[in-house]
Amino acid sequence: MLEADLVSKMLRAVLQSHKNGIALPRLQGEYRSLTGDWIPFKQLGYPTLEAYLRSVPAVVRIETSRSGEVTCYAVACTETARIAQLVARQRSSKRKTGRQVNCQMRVKKTMPFFLEGKPKATLRQPGFSSDFSVSKKPNSTLLRNKGISLGVKSDAEVLPYTLQTTIGNEVFKDVPVQSHMTMSTNNRFSPKASLPPRFQMHLSRTCTKEMSDNLNQAVEKPNVTPPASYTYKMDEVQNRIKEILNKHSNGIWISKLPHFYKELYKEELNQGILQQFEHWPHICTVEKPCSGGQDLLLYPAKRKQLLRSELNTEKVPPSPLPAPKQIPPLKGCPAVMPGDFKEKVAELLVKYSSGLWASALPKTFEDMYKVKLPEDALKNLDLLSDVCTVDYISGNPQKAILYAKLPSPADKILKDAEQAHGNYDIKSTVEQEYLQIEENIAESTDTFMETVTIPPLIIPTETSPSVLVVELSNTNEVVIRYVGKDYSAAQELMEDEMKEYYSKNSKVTPVQTVQIGQLLAVNAEEDAWLRAQVISMEEGKIKVCYVDYGFSENVEKSKAYRLNPKFCSLSFQATKCKLAGLEVLSDDPDLVKVVESLTCGKIFAVEILEKTDIPLVVLYDTSGEDDININATCLKAICDKSLEVHLQVDAMYTNVRVTNICSDGTLYCQVPCKGLNKLNDLLHKIEEYFHCKHMTSEYFVSLPFCGKVCLFHCKGKWLRVEITNVHSSRALDVQFLDAGTVTSVKVSELREIPPRFLQEMISVPPQAIKCCLADLPQSIGMWTPDAVLWLRDSVLNCSDCSIKVTKVDETRGIAHIYLFTPKNFPDPHRSINRQITNADLWKHQKDVFLSAISSGASSPNTKSANTPILGNTGETFRKSLTDVLKKSVVNHPSSFFTKELPPPVHLSKPGEHMDVYVPVACHPGYFVIQPWQEIHKLEVLMEEMILYYSVSEERHVAVEKDQVYAAKVENKWHRVLLKGILTNGLVSVYELDYGKHELVNMRKVQPLADMFRKLPFQAVTAQLAGVKCNQWSEEASMVFRNHVEKKPLVALVQTVIENTNPWDRKVVVYLVDTSLPDTDIWIHDFMSEYLVELSKVN
């Protein structure tokens, strides 16, 4: 029986290591990374993980955010109070070296408007023979027709595919291998009663809690740290790799090395080590075959590899090892003699363990040996049967595959023993030579070090990489370090090797003389060894800059050593960036101080706008519930405080203008003050400036980004707006800083603030004050459209209202007020607060959205709580965004009432393939595909819908089930099918272009205009062919989802099931991932293998 106390103690320890808590989907992965086991909630008698966590409130505190994310926090006890205090202080502003970078930071990604898939041109098109049978499983060998084609035996076993594994935000890719090859059954599956690590790694990426009813809900990828088994002593691993290579003197594919490693030592080989072999010349020789693939060949370390340096060859001691035999290229490439032919073919095939097409043999033979293959060699392949296995495909000699003949067990034992004995004899010699070379390197002059070239730092290609802000002197030169596998993780690995090298190598001594600019290895604090560059020199001390951390320090000469060239292959990790939107104030001391206090020593997600030498970026703090734009926050923090409006409690203010009313009753007001007067003066000057100056392209916004402040022209004057959401290169959302209004506009309608006014304009704080009516009865509850309409008609854009402040809630940034119209001031009994409570406006009908409206009143612009309600003036300026869209509303008055449906989307015929994108994947029995060729048209339609519905007048809709509408979901308008009506004002909709089920407020549902009914609905439900399973487990669904969701794939159509409703059509397809350069991954093969593994475990 499991000890519940032990589990709870381990759980508390895991939670205490994360002071900001752990999201519930990531908890299992974090627990397993530290303990090696999953949380056994089922064995403890609980149906779900959450149920178990709620049963131990003394250990776990569970909180649910507004977005619905469940986060777990540790509850400290007396025994662990000291630990809790240390964890609370673990992030300090002090500069530290070594392991101070949190590589596991979660980045909240929003749904991109443009898909993050590869363009269609990069998807390889699989070619299939004309006699293809739908019922027959397609042969993967037919997918490839380039380079060296690798074949498959008719009875070949299916090997596990090489797939990418995600740990936290970092993607580790195994070196791809051919997906099919011959292998004994004994070696195919692990005999252990557990899933293979690659399956476990994929499962650890997502939560193990019970499936949500909404299967389309995005599952956040957890930040799983590598398990303890991946922590190796480097020398032990290197010795083991030497032993493996000594047993395979003819070479071994790097992708096969983890398999042999596990077979011999019963441990997993860290995939990160595979990237280091090119830097270990004393361990192995790395060779890239001429086939053009990414797989590499490894050989035992040879003298030839050791001599590859810029040292004078005279300094290298002579070696007893014979030089490798080289075949010089001959003019005309004469044919090889028959006596040597078979031997060379056998030697060649050893390098292609997955087989080689016979048709590819002549070219491969010539590339390797620089001689031509005999012309009649392929006419009778049976002559090669003594040196290789010939496998004919469909009886066609041209389709034969050649395999190297495996030695018999007895021969293999003798050969391995002989090879091991031979390698043992030369092992000490090789190691002595390598140590001698290292000693010569250490003793080399400073001139040698000047020839070392450090590769430049490559900007990450991922959408939102993480960075650690180190320091800054101005906002145009902020020192940062990228966080990730090829950056901070690679640096940590290198520093471990540096510590190992300099701590244990007694022959390495401190430098005696140094030069400015010279690279050194410095023994810094906490016994860390860091790379540094000399800045200046004093007696006994050197001022160095730590090139991977970006700050400088004076160090003793006794702590400085010459940097070994093997530590020069990694780029300097400290680099600089420029904060977008702050360029004009980059040297302002107040701004620099604010930026430094908010950013230094912290990790942020970064949006890279321009990839230049000093990239232009926007920083986001994603540690809380909402992403915080650091650039915009710093800009607002340096506003002129004397221009802000400070409302006083019980004070009366006159000539107040109500600029915006939201559907929850929130108001935005402008109060006369010094800041408002200066703003109006600046806007008037800008109006005159643009009137006198010709509008050139420099004033158009060429690079929109969130947080950018610019100008928008409406009702004959310029107004300040801040970009809040960029939908695409054409459409975006803006907020009017001085009115509180939010709307969608075209990028082409925005203008840059002229440079001469920019600094003054930024100094003026936003003039829209957020208010709410005070002392409204609690029984009112949700505002009805009628109440919002009455309030709008009463006060919106009235410039001479008055307010009395009763309370200022600084935490929420809202003031509670009594509002008066000019006729009723200052009688409190005739205030708007009293009138609206007495009015018959709060009668919630069975469906408040179908309430009767008098013929004299226009339809109210009712939106959600955070969406503005605009009066006549607001409507006018919104409709002035674009004349084209305005005309489209007038010219299509009947478009709201049509029920015409677009034609069904075109699908390939059975037996044909098509490029698809998978936006949603629940399990192999249900996922959604989109035709890749139509995605661009869908993006254009989405842009047009955003602009159209932002200027069109909202209507009360008598919604009906199973009808098509337009609905606003997460700031975007979608074509939806209404699936159900709930009693709480929400409706269930199905996105016809993306295949997702969503719940939205009925106020966000509008008629679908006729112009948006032309493009076929893009979402097609699909089922995976080639696998049979009545019910897919949660774990299997996760594995499938991680391999196909949000990815462009090639689909081979097996069956198309037609239906009169386009959203009820279904297609049965094979899915193929062609993203890897030399391997096609058939998803049904992978899932079949997974089911076999799962059945063995169960």
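Placed from the backbone N, Cα and C atoms, the Cβ positions cover glycine too.
Annotated features, as they stand in Swiss-Prot:
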DOMAIN    3-76  domain 'HTH OST-type 1'
DOMAIN    233-302  domain 'HTH OST-type 2'
MOD_RES   S319  phosphoserine
DOMAIN    337-406  domain 'HTH OST-type 3'
DOMAIN    513-570  domain 'Tudor 1'
DOMAIN    703-760  domain 'Tudor 2'
MOD_RES   S859  phosphoserine
REGION    861-1098  region 'Interaction with CDK17'
REGION    893-1098  region 'Interaction with CABLES1'
What stretch of 3-76, 233-302, 337-406, 703-760 shows the most Cβ pairs under 8 Å to the domain 'Tudor 1' (513-570)?
233-302
Across the domain 'HTH OST-type 2' (233-302), average pLDDT on the 0 to 100 scale:
77
Within the domain 'Tudor 1' (513-570), how many residues are helix, strand or coil going by DSSP?
9 helix, 29 strand, 20 coil
For a three-state summary based on DSSP, what are the helix, strand and coil counts in the domain 'HTH OST-type 1' (3-76)?
31 helix, 12 strand, 31 coil
